[in-house]
Amino acid sequence: MGIKAALPKYEIYSYYVVPCLATFWAASWIFEVSNCEYHELLCFSSVSKDTSDFEWMMWFSTFRAHILFALSGHVLFAKICSMLAPQYRSLVYMVYGLLAVWTSMGWTYVTLILSHCILLYSISLVKIRWLCFVTGLCTLATFKCEPFLSWEAGFVHGDFELRHILFYGGCGFTIMRCMSFAVENCEKTDGNYNILELLKYNFYLPFFYFGPIMTFDKFYIQVNRPGLTRKDGELWNISLHGLIHLGVVIIVDVLFHFMYILTIPTDVKLLKHLSDWALIGLTYFNLVYDWVKAAVMFGVINTVARLDHLDPPKPPKCITMLYMFSETHFDRGIHEWLCKYVYDYLGGKHDNVLEELVATLCTYGITILWLGPCEVVLFWAFFNCFGLNFELWTAKFFSMEPFVSFEMAMSEATSRRIRAIFNTFNFWCIVLYNVVALNGLDFSKLVAKRLLLKGFPITTTLVMFVTYCLIQVIKERERKHRANVTRLKKEK
């Protein structure tokens with residue numbers, strides 16, 4: 001119940017209107033703060049563009065030419081190979097990726113990467129799953145603590161500004177890919193995969209430095225697929241997605257000149273003078289921007305991968321479409337990796353409280369190691385781990401009597417409305433918990449105080465009402481999606 005029910009059209013239309021108006025209203029406050037209001041308080045008053053996000057600037061400004069050159073070369077050689085010798089395309093991907101890494105980072109870095117590959121490949125031959133995990137996690141930990149970190153960083157020399165980012169990105173993703181390979185090799189019943197398959201998997205250039213992570217079983221099947229035919233309109237669809245990503249980059253770049261959504265949260269003096277709506281809007285837009293950044297960056301890489309006849313991980317689910325902790329993620333590749341090898345493996349059907357607790361603790365433990373242990377990451381992991389378990393505890397509690405009888409006695413539309421009220425509070429828990437990772441603990445505490453204490457009851461009630469309308473919009477989209485899926489199944 002709750003999601004299958006259709007609500008009256010006038011009610012649904014009102015649910016669409018309210019969040020849109022609230023978004024424009026909050027955006028107008030942020031625009032005023034960024035350009036004229038409180039100008040004497042701005043510690044960045046001379047800034048003409050928000051350049052706070054190094055990752056975005058790296059991709060689409062500072063090192064845009066380097067990244068485009070490397071990816072264009074990959075596309076060119078991949079196309080030539082697919083026309084002349086498609087059976088060797090995976091080998092060509094590996095050779096080009098290896099040469100690109102060698103050129104950009106040096107032979108000592110390539111040696112370091114190969115040593116990790118050889119180590120985890122050797123462990124995988126023993127076919128003991130837990131040993132592969134322990135080895136992989138210990139190897140990953142060497143990049144997070146001294147003196148191993150300094151020693152391994154010494155393998156990279158030069159003054160190329162991007163090398164610091166490429167070093168950690170390449171090493172981190174390499175270990176995660178090697179762990180995927182090792183686990184899949186443990187589950188292979190007839191012999192072992194060749195080490196060449198691991199090198200093909202790891203040195204696929206579009207995924208090497210920045211991800212996303214594609215589990216080895218999927219990559220192996222797709223990259224060795226004999227037929228390279230495309231569905232009708234597939235190439236047009238790939239081109240369209242590429243143009244959409246380009247359009248989003250231009251729009252975001254323009255907005256950065258008028259709305260300093262990333263710089264404002266760093267100015268504590270200014271934050272205290274913002275209105276409640278400006279602060280709430282700033283929180284929401286920061287999370288939306290983080291999704292847009294991930295969607296575009298992974299989208300560019302995925303466009304190249306789709307040209308290579310691969311089916312890479314989809315972009316993450318936007319915060320606007322989330323109201324459950326179980327669906328929250330900002331990197332679908334890491335999310336699928338963790339679910340496949342840790343969360344689903346340990347949690348089973350996710351209906352047992354103890355199994356779920358163990359699964360979430362292990363999942364977020366690995367995530368902490370992946371992101372790098374620090375205060376912000378620990379707080380973020382604790383809150384999200386608690387939220388995920390609390391959802392299960394709540395579901396278990398309300399699945400007992402007399403709550404089940406109460407829900408069965410009411411109409412499906414009423415059940416949907418009541419569930420949306422509970423989902424509203426869950427939505428803001430997700431927002432506050434995840435903004436910790438983006439803007440820090442102090443900013444999160446300030447937003448929580450404004451929303452729940454200083455803004456009570458007017459701001460709290462209005463924000464929760466707008467969020468309730470947004471939840472109903474999400475539920476309506478889910479209802480229509482399920483209806484379409486059911487209809488297509490019946491037609492088949």
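Every residue, even glycine, has its Cβ placed from backbone N, Cα and C.
As annotated by TrEMBL, transmembrane segment applies to 12-31, 56-78, 90-112, 164-183, 203-221, 242-262, 274-292, 377-399, 420-439, 451-471.
Only sequence-distant pairs (6 or more apart) were considered; of these, at least three Cβ pairs between the transmembrane segment (203-221) and the transmembrane segment (90-112) are under 8 A, so the stretches are in contact. Sequence-remote contacts of a segment are chain residues at least 6 beyond its ends whose Cβ falls under 8 Å from one of its Cβ atoms, and for the transmembrane segment (451-471) they are 14-16, 18-19, 22, 276-277, 280, 320, 323, 420-421, 423-425, 427-428. Ranking 90-112, 274-292, 420-439 by CB pairs under 8 A with the transmembrane segment (12-31) puts 274-292 at the top. Here the transmembrane segment (274-292) has Cβ contacts under 8 Å with residues 23, 25-27, 29-30, 33, 38, 248, 252, 259, 261-262, 264-265, 315-320, 330, 431-432, 434-435, 438-439, 446-447, 450-451, 454-455, 459, 463 of the same chain, all six or more residues outside its ends.
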